[in-house]
Amino acid sequence: MTQYLKSREAILLGAILALLAMIATRFPAFVSPGNLLNVFNDTAPLIILALGQTVVILTRCIDLSVAANLALTGMVVAMLNAAAPGVPIAVILVLAVSLGAILGAINGVLVWKLSIPPIVVTLGTMTVFRGLIFVISGGEWVNAHEMSAAFTGFPRSVVLGLPMLSWIALGIAALFLLLVFRTPLGRAFYAVGGNPHAAVYTGIVVGRTQFWAFVLSGALAGLTGYLWVARYAVAYVDIAAGFELEVVAACVIGGISIAGGAGTLVGTILGALFLGIVKNALPVVDISPFWQLAISGSAIIVAVTFNVRQNRRRGRIILKRAEGHA
Amino acid sequence: MTDTSARHIPDRLHSAAARLLKSWEVLLLAVAVAIFVANSFASPYFLNAWNLSDATFNFTEKAMIAFAMALLIISGEIDLSVASIIALASTAMGAAAQLGLGAPALVLIGLATGLACGAFNGALVTGLGLPSIVVTIGTMSLFRGISYIVLGDQAYRGYPPEFAFFGQGYVAWVISFEFVLFAVLALVYGVVLHRTNFGRAIFAIGNNPTGALFSGIQVRRVKFILFLLTGAMSGIAAICLTSRLGSTRPSIAFGWELEVVTMVVLGGVSILGGSGSIPGVVIAAFVMGLVTFGLGLLNVPGIVMSIFIGLLLIGVIALPRLWAMRTR
């Protein structure tokens, strides 16, 4: 029992509840169920991206290109919608997911086949993807009046009391939980991150597992690309600029170890919710939104300190640092 | 670079790819010359002493940080907060300038802010044993976040006139102060990395931190000093950039960390640590500066240039590996 109370998820849940209680003492309206659902809906894109990032980080990689992937895919579907408003939403969704997956696969192939360090690959593809948005759009914006009502309406359409955007985040969370706990690929993510050498001896191809992690992360980034431009009803070169760091922050706060193989999806979701609540609460409690960057930075540092402390207590691998550099 | 120092730690590994890498600087130099020649044919405005002098401002500030970053990456760590340190140091200098402090005080404040940020990163990484990539992603948000808290959507202007020298002054004819500083720092870092015990220790740590520790190198102290150096260089870059622009916004130098890392990796420094050279980084700085300047003369927008930089980053690492796969 104490083990559960000391777990990252429990501590984080406690922190979130404490945060909400603190806000509630002065602004009770913030914790009304209706507003909390709004906060969840607002955090849904972060949750979706953070789930994809989690499997990438579990395999000892990192994907810094998610925000650029999101923006590129968003621009492509927005331009398609502006040019051919008749294309049904189902086709747009399939297209966004596939394009995102292809962009993710580019990262994956470079990491798998050429064993280029993931941070270098995704730094590179991040700038290339951003540049491509400018090339295809010529620097122009796609504005709300150029998009069809069906295109912008889909993420907001309310089903059973929740917007579609929230349902998609919940659905993906459920799928990822199944994937990680019930499929060989899901277990391979942990095996590859925990000990790549041992993973090889159990018949897992490390590079291929990392490849699929990048494909998943890319597919979710593509999907979020459509949801993002549809929700905000605008697409331009710089949408979601720097969002990749918030995504990594959500994972780190959620207890995902950057060294791979440790952390849970529930932690990631709580980490994303923590950032989402802070972001939505700042204007309510009348703190300048300019504080947000510094707060999430501090949260990352505090969280990673916790991560390392927890690992140390367990005494997992004595020469972990040396092994990481080998 | 396999000089006859006492410890005999090669700067590079001996594999098929490494043999090609050994001539990395030569290859890179050829690329630089090719770009130079192509540029002088592509634009009639290229071969002009003043234009070329202007072009150096594209890379001198970033290259100063890249020297320290190269040492840090060779030792197996990384600092992604450098651009945010520039923002914070520039904000500190701006605030001091509003109080009416003179240029010498501003320089001191810029340097001190850089050193303090470097010490903060270094303490978290070496003191608490946290992974540097996460720590510096965190401090990247934190440092720039503080700038945003202080400045919001405002900007600092009104720097004293004599402060303009650092970013706009010329030492002789077309030779700018920044370029001289860049050259001096290149020399200092080259000597430190390739001709001193401290430099050998950096390679040893990058190749095998445990082995380095057991051979009597104070790994944590060396790494802490490297974080301090990176912070100090970011402070110096902040002085030059602030002086050149004459104003400070919280978004100053946004995204520079990627260009600095690209410069280092393009210069042949292994992102995994343990190998690299300062001459390589110097040539890489020229290559990136020439590409940016040449494309600018041809009216290519900045964001499209970033495609070239991104492809360059992946290409320079991928090509030797593809080559090694084919010849194996």
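Each Cβ is built from the backbone N, Cα and C atoms, and glycine gets one as well.
Fair warning: this is a prediction, and the values are worked out from it, not measured in the lab.
According to TrEMBL, the protein carries these features:
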type: TRANSMEM; residues: B:26-47; note: transmembrane segment
type: TRANSMEM; residues: B:67-89; note: transmembrane segment
type: TRANSMEM; residues: B:101-124; note: transmembrane segment
type: TRANSMEM; residues: B:130-151; note: transmembrane segment
type: TRANSMEM; residues: B:163-192; note: transmembrane segment
type: TRANSMEM; residues: B:224-246; note: transmembrane segment
type: TRANSMEM; residues: B:252-273; note: transmembrane segment
type: TRANSMEM; residues: B:280-297; note: transmembrane segment
type: TRANSMEM; residues: B:303-324; note: transmembrane segment
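Among residues of the same chain six or more beyond the transmembrane segment (B:224-246), those with a C-beta under 8 A of the stretch's C-beta atoms are 57, 60-62, 64-65, 67-69, 71-72, 75, 77, 79, 82-83, 85-87, 89-90, 93-94, 106-107, 110-119, 121-123, 125-126, 157, 159, 163-168, 178, 181, 185, 202, 252-253. Counting Cβ pairs closer than 8 Å and at least 6 residues apart in sequence, the transmembrane segment (B:130-151) and the transmembrane segment (B:67-89) reach three or more and so form a contact.
Contact count against the transmembrane segment (B:280-297) (Cβ pairs under 8 Å) is highest for B:26-47, out of B:26-47, B:67-89, B:101-124.
Between the transmembrane segment (B:252-273) and the transmembrane segment (B:303-324) there are 3 or more Cβ pairs closer than 8 Å, counting only residues 6 or more apart in sequence, so the two stretches are in contact. Nonlocal intrachain contacts for the transmembrane segment (B:163-192), taken as residues 6+ away from its ends with a CB within less than 8 angstroms of a stretch CB, comprise 49-50, 52-53, 56-57, 60-61, 63-64, 67-68, 70-71, 97, 103, 106-107, 198-199, 233, 236, 239-246, 278-279, 282, 285.
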